[in-house]
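Take a look at this one; I'll ask things after.
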Amino acid sequence: MFTLYVTCVHFLYQRFKTSGGKRTSVFLFGYMSVMFIFGTLYTVSGSRTIQLAYVNHRDYSAGPAAYDLVIFSQPITILGSVSYTVSNWMSDGLILWRFIILYQNIRYNLWIITFPCILFLASIVMGFFVLVQASLPNQSLWSQVAVSFVLPYYVLSLSLNIITTILITIRLLMHKRRLQTILGAAHAAQYTGIATLLIESSALYALWSIIFLVLYAINNPVQFVFLASLAEVQIIAPLLIIVRVAQGKAWTRNTESAILSTFVAKQESKATYKGNKQEDSRTNTLSVSASQDHVDHDESIHSLKFAPGLGDSNDIPLQTREVPRGMLQC
């Protein structure tokens, strides 16, 4: 997560200096900085909770794991819960933002965008209730009362991620098909590759959420592994998207038209260059031909002057020859 954050800062700084999207760069820098802070706070909270349960109070009568649940309503644990939940809201918000960008220029986009927005607002409300319920004394995410709030919250968040992931993937595949038809597979691959589909659709986060929700619903102990890593994955997925945005590789509402315009401009430039090259070649050919004709003409004149029987005085007609004066006297 830290490496991705530093990478994002680097590319956003380059974007801020060289392009006109300074407002977007500043917003994304603030967004990912807040996400990074919440991710760090969650890690600190989890580390401190583990220390209290497995080191300081390892001799607790019901065991360290039970003590971990007992202190779930303590400030240090509440800090982790708040950090996790707010990070989840921000991650869902970024994915929803990318979804809206891809679908805002199509017909009936309002009907397509409305439902994910409703899911997002509902998950925020339910997440707030989860935080309140889990912070009560003797309560945790796994208590009977809290589960009735936690499960709907994760279902709403997961539904939002699954729906947006599928729809974003469909939209990108539509772009891919169109670009392959116009540009060819070789030209379209760099814009619609597998990595692009996985990152832009946030498929990693959706997959991780599905695994955790299934394990949480059946109360499998492996859920704790995915819960701890889910807090990082839900931050990593947006950072990967921000890296592409900062590099100028992420899809925007103008990406397809820009790609096609660039391709057409390149083709026209190639055609113009080829036409100029052919014109220059034709001009050079005509010049060489004219020069060769001139040389041939000069050579023909030279041959007429010095060829035997043409330039010799003996071949001058008799009436034009000069008669010696002595012969006239005779």
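Placed from the backbone N, Cα and C atoms, the Cβ positions cover glycine too.
What TrEMBL shows for this protein is this:
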{"type": "TRANSMEM", "residues": "25-45", "note": "transmembrane segment"}
{"type": "TRANSMEM", "residues": "65-87", "note": "transmembrane segment"}
{"type": "TRANSMEM", "residues": "108-131", "note": "transmembrane segment"}
{"type": "TRANSMEM", "residues": "151-173", "note": "transmembrane segment"}
{"type": "TRANSMEM", "residues": "194-218", "note": "transmembrane segment"}
{"type": "TRANSMEM", "residues": "224-243", "note": "transmembrane segment"}
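Tell me what's around each of these sites.
Within its own chain, the transmembrane segment (25-45) has Cβ neighbours under 8 Å at 1-2, 5, 8-9, 12-13, 15-16, 76-77, 79-80, 83-84, 86-87, 90-91, 94, 231-232, 235, 238-239, 242, 245-246, counting only residues six or more beyond its boundaries.
Long-range contacts of the transmembrane segment (65-87) within the same chain, counting only residues at least 6 positions beyond its ends with a Cβ under 8 Å from a Cβ of the stretch, are 35, 38-39, 41-42, 44-46, 48-50, 52-53, 57, 127, 130-131, 134-142, 231, 234-235.
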Decide whether the stretches the transmembrane segment (151-173) and the transmembrane segment (224-243) have at least 3 CB pairs under 8 angstroms, with pairs required to be 6 or more apart in sequence.
no
Sort out the residues at least 6 away from either end of the transmembrane segment (108-131), same chain, that have Cβ-Cβ distances under 8 Å to it, and list them.
78, 81-82, 85, 88-89, 92-93, 96, 99-100, 141, 146, 149-150, 152-153, 156-157, 159-160, 163-164, 167
